[in-house]
Amino acid sequence: MKALQDKIIKDGKVLSAEVLKVDSFLNHQIDPELMQQIGQEFADLYKDAGLTKIVTIESSGIAPAVMAGLILGIPVVFARKRKSVTLTDNFYSAEVYSFTKQVSSDISVSKDFLNKDDVVLIIDDFLANGEAAKGLLSIVEQAGATTSGIGIVIEKGFQPGGQALRDQGHRVDSLAIISSLENGKVQFA
Ligand code: 5GP
């Protein structure tokens, strides 16, 4: 997606050969216009998939997911990273190892918002080792629902998550795929 690539080049900061910081438009401050374009892109890709729900993970997946949900006219459910007192034992959960925080944590989704009749698009901001996507896939599976695909805003193609998910037969649609962050430079696949 050209507008996203341009934005990454203009405002992204390469923190290391592995980490890209995009907190001026996606991870902290949010660019609503770009999010709307991203949502439209996901909506176009999945308009015939018979989706009933989008599932994402807090917090950075929410903005692109809501935009896609708005255009497709379906609800957006986000997995919570912290246990809420209002989430009693009525939830699906999975353990996710965080690439950026380097700790494992449980994510959970209430059983009220996902069931076996749902057809789901999973959306997340980044794809690195695929841990977050794996956790979300597990939650959809626990609900007996169907995952139609995985929509990613920025995939780091030099890390193994995307390949592993595709090898498992999942449909993965990434709007920007970075092939390298070496020498402080962003290169696209
Ligand atoms: P994975 O679970 O695929 O290993 O990593 C994806 C998750 O880690 C995303 O939800 C995102 O929050 C975070 N992440 C991974 N790599 C990056 C990165 O280069 N930059 C930022 N800002 N977040 C990342």
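Keep in mind that glycine also has a Cβ here, set from the backbone N, Cα and C atoms.
Values in this document were obtained by computation on a predicted structure and should not be read as measured data.
What TrEMBL annotates here:
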- Leu20, Asn27, Lys156: xanthine binding site (BINDING)
- 61-79: transmembrane segment (TRANSMEM)
- Ala128, Asn129, Gly130, Glu131, Ala132: 5-phospho-alpha-D-ribose 1-diphosphate binding site (BINDING)
Residues that sit under 8 angstroms from Lys156 (xanthine binding site) by C-beta distance, when 6+ apart in the chain: Glu18, Leu20, Phe126, Leu127, Ala128, Ile177, Ile178, Leu181
Pairwise CA distance, Glu131 (5-phospho-alpha-D-ribose 1-diphosphate binding site) versus Asn27 (xanthine binding site), rounded so that it is a whole Å: 18
Alpha-carbon distance [Asn27 (xanthine binding site); Ala132 (5-phospho-alpha-D-ribose 1-diphosphate binding site)] in Å: 16
DSSP-derived class (H/G/I helix, E/B strand, else coil) of Asn27 (xanthine binding site): coil
Nearest-integer angstrom distance between the alpha carbons (Cα) of Asn27 (xanthine binding site) and Asn129 (5-phospho-alpha-D-ribose 1-diphosphate binding site): 18
Number of other Cβ atoms within 10 Å of the Cβ of Glu131 (5-phospho-alpha-D-ribose 1-diphosphate binding site) across all protein chains: 17
Fewest-neighbour residue among binding-site residues, criterion Cβ within 10 Å, set Leu20, Ala132: Leu20
Check: same-chain CB within 8 A of 5-phospho-alpha-D-ribose 1-diphosphate site center, minus Ala128, Asn129, Gly130, Glu131, Ala132: Tyr97, Phe99, Leu127, Ala133, Lys134, Gln159, Gly161
